[in-house]
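Asks: My structure is below; once you've seen it, I'll send some questions.
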């Protein structure tokens, strides 16, 4: 039947007109067929409605019904040659906001899904899939050279999602590239079309944003091609499937070579550890060769652990209790210092603790906190009362000890820093919180709280039950953070990298550590709002990736997931292991869906070797840093997404230490983590005072409340001030 003569029966009926598609209601008796001008693509609906008697009405009811047809037209580009995308958007917003009932909006969306034809099967390819939608969505984009306008074709296996696509196509099909790129995802916030409070409504709303982002990414690519401009180069990446991994780019290839280590080296290390009763605690951020060997050796010797810095000392104590006589620490110096101090406090002073280099293994963040500027920051702020110092766990015991004597101090990790600060504000009235040393994390926390101040009380209570919009607004001027502390790794995620992500990976899943610079943080926060990102710790990032993979497997359709890894690349081993396990457990042998996962490393054009001329390195006489710039701006033992300090923990150093024990202790004196003999200004042992902020944090993690001892310290210091 010709579209202009189509008659459809439906229960959908609205008293308001359809401004975008030109709806009008035509009352009539029996159904009939209308013929419209060729410039319209109409949809005629027959509606039969029965009106129940209003008990308050004085008009008697005759239980009558009436029937009418709604003619909804979809103007062609010729009929509205000057209509801008913005004007169309305002009409669309007005239309949906005029529908009070949520179900009416859903029905209108279903109605729009009938206005666009199904996409040709040849275009429903994996390359045309839109990520982040709970259903399958395809998008094909082309450029009309003659008219200098964009053309969009979209489809979905869900009628509701297809309705979303129809609305976006109606806005942007035939628009200029500038119009397409000017539309912002927040411009679509007023289009709460689904309007359902049930499970999945948020993911439906995210469809607007994810399809728009894909439209814009592909528009940029076509415009660049048309203008003859070279596009930004793709970042190196690693593709994980049930059959294995496929490296992309020289950097990812280098990483992959060590994900499956030499079995002879694995056997050699495991035998040494077992023979000499050596435990190993290692941080995520280290050389991939070492991670690969250690991960494989865990199957042969259980006393090997790879984690964030917080857990390393705890695991060392467990290993000592299990009979280990030595602990090798693969990390920076403050981590080995923490292990040494915690073992002493736990009653294991005889257990030796060894670093992996006879040179200093520094940390730019820890160095910043040990600077005179940081102590001056605390001294100035400590005049405010009451005050609490929240210090990042990745600092030395000296920093924790000296800080704690100036201002009551609690340590934090990127996983618990937000909850720690919010709980402190909730428990201590008029509290001033001083965070340090990482400037990026501090600014990101402040930005997060600023965003929270615009949320509803219900949304805020989901983050922390003791806060609301009023309390969040009141704490903002009482939150302070150090201005001169930078992690050299996360500093590299700057404007250039963010620009490349926007152009090349805007429709991918984005992950960001709390410490990354504000631009990368904001980008990930925006993606998080539409279900496409996560901001948090390394563990949060890993959990997010695993959840998205599980969802894809449950959908049981062929799918390619792409994640931008906005943190140090050393955690790729943990990601490969977790994702590989999930994909391997899926049954694809009987024709099941095939899911692949791509991990993208956003590598800056700046190399970390630039920091060799920086003050933090020169002051500490670190003359040789593994990993000079090469290839794509990074190399196996360093580079823009790898910490040069962590890469000093080489496999050869680990084997050398293990081989020298126990008889070569004298040769390893420079490797041994020494005990603190210095005292604080108040005459106390650094290890005793420095461990107290860590114990405060452990109490908070166990109880979700600040320890009473810490609160008393805050109030007593306030009274004395």
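Glycine is treated like the rest: Cβ placed from N, Cα and C.
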Asks: Please identify which of 133, 165, 167, 487 is recorded by Swiss-Prot as part of the [4Fe-4S] cluster site containing 363, 643.
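Replies: Answer per Swiss-Prot: 487.
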Asks: Quick one: give me the count of other CB atoms within 10 A of the CB of residue 394 (iminosuccinate binding site).
Replies: 26
Asks: Quick check for you: of the recorded positions 133, 363, 643, which have their Cα within 10 Å of the Cα of residue 394 (iminosuccinate binding site)?
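Replies: So the list is 363.
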Asks: About how far apart, in whole Å, are the alpha carbons (Cα) of residue 487 ([4Fe-4S] cluster binding site) and residue 283 (iminosuccinate binding site)?
Replies: 16
